[in-house]
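Undergrad: From Swiss-Prot, here are the annotated features:
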- ARG164: active site (ACT_SITE)
- LYS188: active site (ACT_SITE)
- HIS258: active site (ACT_SITE)
- ARG261: active site (ACT_SITE)
- HIS284: active site (ACT_SITE)
- TYR293: active site, O-(3'-phospho-DNA)-tyrosine intermediate (ACT_SITE)
- 1-103: domain 'Core-binding (CB)' (DOMAIN)
- 124-306: domain 'Tyr recombinase' (DOMAIN)
Amino acid sequence: MVSAFYAFLDYLKNIKTASPHTLRNYCIDLNSFKTFLEKHGELTPSPPICLLTKERQEAELPFSLLTKDTVRLYILKLMQENKAKRTIKRRLSAIKSFSQYCVKQRILPDDPTETIQGPRLPKELPSPITYEQVEILMATPDLSKYTGLRDRCLLELFYSSGLRISEIVAINHWDIDFTSHLIRIRGKGKKERLVPITPHAAQWLQHYLTHPARTSIEKDAQAIFLNRFGKRLTTRSIDRKFQKYLRQSGLSGHITPHTIRHTIATHWLENGMDLKTIQALLGHSSLETTTIYTHVSMKLKKQTHNESHPHS
């Protein structure tokens with residue numbers, strides 16, 4: 001079964017063009033299930049599944065262990081360990097995807113996970129921040145430094161276009177059209193879309209790209225956002241910088257770069273943009289995903305009404 005795990009991960013990477021983050025999560029989830037199956041079958045533990053491993057050793061893990069009962073026992077074990085519902089659901093989803101792949105490849109005659117359902121998750125609404133909080137966060141980077149200018153530009157792009165971190169780090173020079181104020185974005189599954197940027201954000205971007213400090217360290221001629229060594233910034237480094245500015249700004253609450261994406265989507269909706277346009281701008285494959293912002297907007301309106309009403 002281990003060789004099938006690797007074949008499945010290669011399929012996700014090369015055919016489905018899954019992101020490194022997605023592949024890392026699949027490795028974590030499948031390794032967890034593999035360890036359980038080895039203990040359940042009283043087998044000798046084998047090295048963890050890792051895409052970085054050049055030599056992939058087949059281990060003794062027969063497909064006869066992959067049954068409806070063993071998957072249910074695994075889910076029960078996770079629940080007994082008090083794993084979060086979201087973690088359990090994600091791990092079951094990884095096993096289901098693997099089983100479906102094996103059926104398509106005729107490795108398995110049928111899918112043993114087909115009727116198994118994970119725990120129901122409470123429907124959580126995104127928590128946008130206010131325009132004033134956005135402005136406070138924008139004003140935090142030190143513009144006397146080149147890195148501060150770069151980070152201000154990053155924050156402007158987050159709010160201007162509602163981009164994901166992975167989309168921002170992937171932007172190249174030829175993706176930007178300053179004349180029409182458009183950026184070509186490669187989203188999930190490498191699906192491309194054109195996203196407008198505000199003239200304000202475009203000015204910050206031009207200022208950053210022409211800064212002498214940037215041109216002097218540039219080693220990656222394609223990338224827009226560079227680290228201090230002139231190489232492309234990573235999603236992890238942007239997330240760390242975001243958290244640093246969040247601490248410096250004094251803003252409280254759980255705020256992430258994705259919060260800014262939720263925020264601008266909510267602001268677009270409140271200012272009259274229709275859901276289909278928001279869906280296209282955010283790169284949502286389903287309108288159902290975008291519809292959640294109507295609930296967020298109504299929640300905020302109710303809150304404002306209650307706070308402002310004299311009888312409240």
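Note that Cβ sites are derived from N, Cα and C of the backbone, with glycine treated the same way.
Looking at the shown structure, what environment does each listed feature sit in?
TA: Applying an 8 A CB threshold to same-chain residues 6+ apart, the list for ARG164 (active site) reads GLY187, PRO257, HIS258, ARG261, GLY283.
The number of other CB atoms found within 10 A of the CB of LYS188 (active site), across every protein chain shown, is 15.
DSSP classifies ARG261 (active site) as helix under the three-state reduction. Take the CB of ARG261 (active site) and look out to 10 A: across all protein chains shown you find 21 other CB atoms.
Reduced to three states, the DSSP call for HIS284 (active site) is coil. Taking Cβ-Cβ distances under 8 Å and a sequence separation of 6 or more, the neighbours of HIS284 (active site) in its chain are THR290.
Mean predicted confidence for the domain 'Core-binding (CB)' (1-103): the pLDDT average there is 89.
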Undergrad: Which number gives the other C-beta atoms within 10 angstroms of the C-beta of HIS258 (active site), all protein chains shown included?
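TA: That number is 15.
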Undergrad: Residue counts in helix (H, G, I), strand (E, B) and coil for the domain 'Core-binding (CB)' (1-103), per DSSP?
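TA: Helix/strand/coil tally for the domain 'Core-binding (CB)' (1-103): 69 helix, 0 strand, 34 coil.
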